[in-house]
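Novice: What follows is a structure written as structure tokens; I'll ask about it next.
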Amino acid sequence: MGRLVNISALVGKEFSSLLRDFALLAFAIYAFSFAIYSQANGLSHEVHRAAMGIVDEDRSQLSGRLMSAFTEPRFQPPELIRQDEIDPAMNAGRFTFVLNIPPNFEADARAGRAPTVQVLVDATAMMQAGIGASYIQAMVLDETQRFLGRNDALPAPSPVAVQVRFAFNQDLSSPRFTGVMALIDNITMLSILLAGAALVREREHGTIEHLLVLPVRPIDIMLAKILANGAVILCLTALSLKLVIETALSVPLVGSITLFLAGVALYLFFTTALGLFLGTVAKSMPQLGLIFILVFLPMNLLSGGQTPRESMPEVLQYVMLLSPSTHFVAIAQGILYRGAGLEVVWVNFLSTALIGGVFFLLSLKRFRSHLSTFG
């Protein structure tokens, strides 16, 4: 009972210490609110209001229909330009796409001579270039077939009917993916930084020596820091899910929020322990930031949140199974995107708990060794 009282007192001390660190607290609030919203809306994988120019050397009914086919929201109203304006316009970045319709295009199409149209793409707009070029190709072919079929008749049916159905993100909305992935990244980032900064701050202020004269054990100090910082991140995560992801971004959360938060709590057990481990290695806040970058970047990029794990080398896929971040991404995507229950993600829960437990013991050993240098 006395030990629980000691841990509770230490947790209260951690809360008060964090509340006094206005810069770190403000950064945490920003990371779970405006940062997620701006990242979800600012980074789009879709073609949206792309600037387009058209060189119409045919001036026919078909070329006019092609020009009117490109409408919002994917394309801005096309601008009619001359042939000699193409290079200056592309070099100046006025257009992402330029469609060049050659002379006699309609006549050649009617005669079955398979005329060629040229599509110029500014590939520096990497997100839109490949997808937009595919859209333009499909729209030109479809509109030409409709025109040649007269009265907007559809082309002859294909011998194979391909029906594509998109699951879990039917409208292919980028914010539904980007917003949740930004939340996952910030959970990892802030939990490591808050825990590591708490230890470095104690050392810089000289208060860690005060803890050593109290009737507490190293594991009590470590658990207090994990519980306090983990509770802050867990509360910010719950608020961000409701206010930012679900309300501001209008992302439907189809799974159990309670189950997801349980997964977050389990994952925070690992990340806060990792933060304390890094805090024992770093000698100052700037050094903690540098070490954090070296650890966070590969753990984040290779977890499966940015690119599918299946696209990575097979050896790397197996190596990353040793990282709880990989299992946490699977938990988040399974629950929030697909509505998965515990019967689906229990393996990831168990893996996160086991790996987190092992790393907690390693961090505790390092933490004890670190405290002994002050004794």
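Residue positions begin at 1 at the first shown residue.
Backbone N, Cα and C atoms are what each Cβ position is placed from, and that goes for glycine too.
I grabbed these lines from TrEMBL:
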type	residues	note
DOMAIN	144-370	domain 'ABC transmembrane type-2'
TRANSMEM	22-40	transmembrane segment
TRANSMEM	180-201	transmembrane segment
TRANSMEM	221-241	transmembrane segment
TRANSMEM	253-278	transmembrane segment
TRANSMEM	284-303	transmembrane segment
TRANSMEM	315-338	transmembrane segment
TRANSMEM	344-364	transmembrane segment
Novice: Can you name the far-off residues of the same chain, 6+ from the ends of the transmembrane segment (284-303), with a Cβ under 8 Å from a Cβ of it?
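Specialist: Distant contacts of the transmembrane segment (284-303): 185, 188-189, 192-193, 196-197, 200-201, 204, 274, 278, 312, 316, 320, 323, 325-326, 328-329.
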Novice: Tally Cβ pairs under 8 Å between the transmembrane segment (344-364) and each listed stretch (22-40, 253-278, 315-338), then give the stretch with the top tally.
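Specialist: When the Cβ pairs under 8 Å are tallied, 253-278 comes out ahead.
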Novice: Most CB pairs under 8 Å with the transmembrane segment (180-201): which of 22-40, 221-241, 253-278, 315-338?
Specialist: 253-278
Novice: When you scan the chain for residues with a C-beta under 8 Å from the transmembrane segment (22-40), skipping those not six or more beyond its ends, what do you find?
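Specialist: Long-range Cβ neighbours of the transmembrane segment (22-40): 174-175, 178-179, 182-183, 186, 189-190, 193-194, 197, 232-233, 236-237, 239-240, 243-245, 248-249.
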